[in-house]
Amino acid sequence: MTRAFNFSAGPATLPESVLRQAQAEMVEWNGVGASIVEISHRSADFMAVAAAAEADLRSLLSIPDDYAVLFTAGGATTIQALLPLNFAAPGQAADYVITGHWGKTAIKQAATSVDARIAADAQADGFVDIPPAASWTLSPHSAYVHITANETIHGVEFRDTPDVGTLPLFADFSSSIASEPLDISRYGLIYAGAQKNLGPVGISVVIVRRDLLERAGQPRADIFNYASHAARDSMLNTPPTWNWYVLGLTVKWMLEQGGVQEFARRNAEKAALVYGAIDGSGGFYRNLIKPAVRSRMNIPFFLPDEQLDALFVSESKAAGLLALKGHKAVGGIRASLYNAMPVAGAQALAAFMHDFQQRHG
């Protein structure tokens with residue numbers, strides 16, 4: 001069976017070689033006589049899997065030694081709720097920059113336990129641009145400044161790290177982590193749900209400067225305490241072992257492919273192919289985002305009417321191009337071009353777009 005090109009925004013496409021390896025090792029792993037999903041998370045065998053995943057992730061992202069790496073169950077929304085509990089004192093403010101749907105989600109999750117202030121909000125302009133950092137209204141004693149590095153629904157991406165002075169910068173990198181080189185030392189904390197660039201759904205990564213873990217935060221159960229998770233190597237409770245294992249395979253695959261420098265090159269090439277098809281269509285396809293902040297990972301676009309949108313989704317699926325329907329919040333079409341999407345997938349989509357316009361334009 002030939003695999004289609006899967007443009008899903010998440011859970012997203014995984015490298016076929018990773019899927020094949022996971023399939024081969026599902027029933028019996030590494031000569032232990034049992035599946036990886038059956039062995040204890042505290043066994044020497046799984047501890048080696050976990051240690052290798054962290055070592056490879058540190059190598060892939062050039063994570064400094066003064067940053068802890070946590071592997072946590074669940075997704076980014078859970079992390080958003082836990083950030084103020086861990087890093088904001090009772091009554092302290094935290095600043096949020098809203099550049100799309102997920103920025104709104106982040107502040108909503110935090111608002112129950114912190115004075116969540118909007119430092120900048122791009123909604124009035126339809127989330128088509130990112131307000132310059134110099135225009136943000138930051139609280140001088142804020143616990144942190146939170147941004148969403150890439151908005152998967154609206155297709156807006158920070159192309160540079162904003163300067164927030166001495167305040168810790170926290171960022172949701174769920175959809176763009178490992179897509180290009182990143183100077184992690186400019187952030188206090190970054191986090192990412194795995195299901196876009198790092199692996200399967202159900203596990204997330206938190207990369208946090210160790211001195212921030214010393215903050216008292218707010219009263220919380222130990223299971224919600226990131227310092228406790230760091231002290232126990234992310235095994236305070238039973239972790240999602242299968243997800244952690246596949247994440248490790250995916251990170252190793254990225255290293256073998258050439259690392260973040262190589263994926264930056266591929267991702268730029270893929271994005272150029274799809275944006276080229278949009279911009280060269282004479283208005284048949286429309287992307288509303290300001291070019292300077294267009295996402296490389298998630299490209300939303302619109303056809304002249306909703307009937308053509310539906311026909312595009314139907315015909316593209318028949319052509320082996322899956323999950324191109326836009327998010328219900330905005331409609332239209334959306335192509336997600338994460339690391340595991342090969343350049344051939346973007347080429348196939350661009351060719352289909354040209355053919356579709358020739359037949360229906």
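Cβ atoms are placed via backbone N, Cα and C, with glycine included.
For the pyridoxal 5'-phosphate site, Swiss-Prot lists ALA76, THR77, TRP102, ASP172, GLN195, ASN237, THR238; matching the candidates THR137, THR152, THR161, THR250 against that entry yields THR152. With respect to their backbone Cα atoms, ALA76 (pyridoxal 5'-phosphate binding site) and LYS196 (N6-(pyridoxal phosphate)lysine) stand 12 Å from each other. In this structure, ASP172 (pyridoxal 5'-phosphate binding site) is part of a beta strand by DSSP. The two recorded residues LYS196 (N6-(pyridoxal phosphate)lysine) and ASP172 (pyridoxal 5'-phosphate binding site) have their Cα atoms spaced 12 Å from each other. A coil conformation is recorded for ARG42 (L-glutamate binding site) in the three-state DSSP classification, outside any helix or strand.
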